[in-house]
């Protein structure tokens, strides 16, 4: 995971890490974690912080060493990327930019992708993703659909 980071990112994370490693022992406490991540432009919730700590704090001692920290930051960045990708994909479908994907827009994109769909198939796809029943897909519904694949 951390091997996907550039040298520049690693040295940036090392710098931030050492700012909060007050006693220089190579570990930071879980309480300091939120401050470190925010200094790097991330904005984790308390719940996310707790989950990340639980995932990487192998010995459960409540502190995180630098390799654990790198793994965690790489994960966080990967998740952010996929969010951006979903936003971009939504824009491709939402031709008129009104925040909704209509049946016509869905049919148009699917046809361009080489998928010849009947009206019934398009309506079925809309129905499956259309949580609020308004006959079109909004961004939240699109995200749910993409993440449930």
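Here the Cβ of each residue, glycine as well, is placed from N, Cα and C on the backbone.
In Swiss-Prot this protein carries:
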type: BINDING; residues: 21, 23, 25, 27, 32; note: Ca(2+) 1 binding site
type: BINDING; residues: 57, 59, 61, 63, 68; note: Ca(2+) 2 binding site
type: BINDING; residues: 94, 96, 98, 100, 105; note: Ca(2+) 3 binding site
type: BINDING; residues: 130, 132, 134, 136, 141; note: Ca(2+) 4 binding site
type: DOMAIN; residues: 8-43; note: domain 'EF-hand 1'
type: DOMAIN; residues: 44-79; note: domain 'EF-hand 2'
type: DOMAIN; residues: 81-116; note: domain 'EF-hand 3'
type: DOMAIN; residues: 117-149; note: domain 'EF-hand 4'
type: MOD_RES; residues: 2; note: N-acetylalanine
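Structure with Swiss-Prot features highlighted.
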{"residue": "21", "record": "Ca(2+) 1 binding site", "DSSP class": "coil"}
{"residue": "57", "record": "Ca(2+) 2 binding site", "DSSP class": "coil"}
{"residue": "68", "record": "Ca(2+) 2 binding site", "DSSP class": "helix"}
{"residue": "94", "record": "Ca(2+) 3 binding site", "DSSP class": "coil"}
{"residue": "130", "record": "Ca(2+) 4 binding site", "DSSP class": "coil"}
{"residue": "136", "record": "Ca(2+) 4 binding site", "DSSP class": "coil"}
Residue among binding-site residues 105, 130, 134, 141 with Cα closest to the Cα of residue 63 (Ca(2+) 2 binding site): 141
Residue distribution over DSSP helix, strand and coil in the domain 'EF-hand 1' (8-43): 23 helix, 3 strand, 10 coil
Spatial separation of residue 61 (Ca(2+) 2 binding site) from residue 141 (Ca(2+) 4 binding site) - C-alpha basis, Å: 40
Other parts of the chain folded back onto the domain 'EF-hand 2' (44-79), taken as Cβ under 8 Å at six or more residues beyond its ends: 1-2, 4-5, 9-10, 13-14, 17, 26-30, 33-34, 36-38
Cβ-centroid neighbours of Ca(2+) 4 site 130, 132, 134, 136, 141, 8 Å, sequence order: 100, 126, 129, 131, 133, 135, 137, 138
23, 59, 96, 141 as binding-site residues, winner by CB count within 10 A: 141
Nearest recorded site to residue 94 (Ca(2+) 3 binding site) by CA-CA distance, among binding-site residues 21, 61, 68, 134, 136: 136
Nearest of the binding-site residues (57, 96, 132, 136) to residue 27 (Ca(2+) 1 binding site) - Cα to Cα: 57
Env. residues of Ca(2+) 3 site, Cβ within 8 Å of mean position of 94, 96, 98, 100, 105 Cβ: 93, 95, 97, 99, 101, 102, 136
Residue 68 (Ca(2+) 2 binding site) CB neighbourhood, other CB atoms within 10 A: 20
Fewest-neighbour residue among binding-site residues, criterion Cβ within 10 Å, set 63, 98, 136: 98
For the domain 'EF-hand 3' (81-116), the number of residues DSSP places in helix, strand and coil: 23 helix, 2 strand, 11 coil
